[in-house]
Amino acid sequence: MSDFDSNLDLAGTGASPAEAAELQRMLAVEQQKAQFTAQVHNFMDVCWDKCIDRPGNKLDSRTESCLVSCVDRFIDTTLSITNRFAQIVQKGAH
């Protein structure tokens, strides 16, 4: 969840409905960027702790393979959970 209110009240600001809608859209885009950045940091934290034994000048093949697999699993799991949640929400709407 974000600290931003996605239903920002712009009454009294002099913003036209079109300007308010554009501001809402821009806010949603920025929230998505922030969520993506947070997810990348989460991948980095989890996979770094799992795969990096000792930092060096470059990654060896085992470490690189571990990082790729870790991120792939993380993404697959996130997508699976997201898809399942969407199915539950969709079933609830019917």
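Cβ atoms here come from the backbone N, Cα and C positions, even for glycine.
Copied over from Swiss-Prot:
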type: DISULFID; residues: Cys47-Cys70; note: disulfide bond
type: DISULFID; residues: Cys51-Cys66; note: disulfide bond
type: MOTIF; residues: 47-70; note: motif 'Twin CX3C motif'
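Across the structure, Cys70 (disulfide bond) and Cys51 (disulfide bond) place their CA atoms 8 angstrom apart.
Cys66 (disulfide bond) sits 8 Å from Cys47 (disulfide bond), taking the C-alpha atoms as the reference points. Per-residue pLDDT, averaged over the motif 'Twin CX3C motif' (47-70), rounds to 92. Within 10 Å of the C-beta of Cys66 (disulfide bond) we count 17 further C-beta atoms, all protein chains included.
In the three-state DSSP classification, Cys51 (disulfide bond) falls within a helix.
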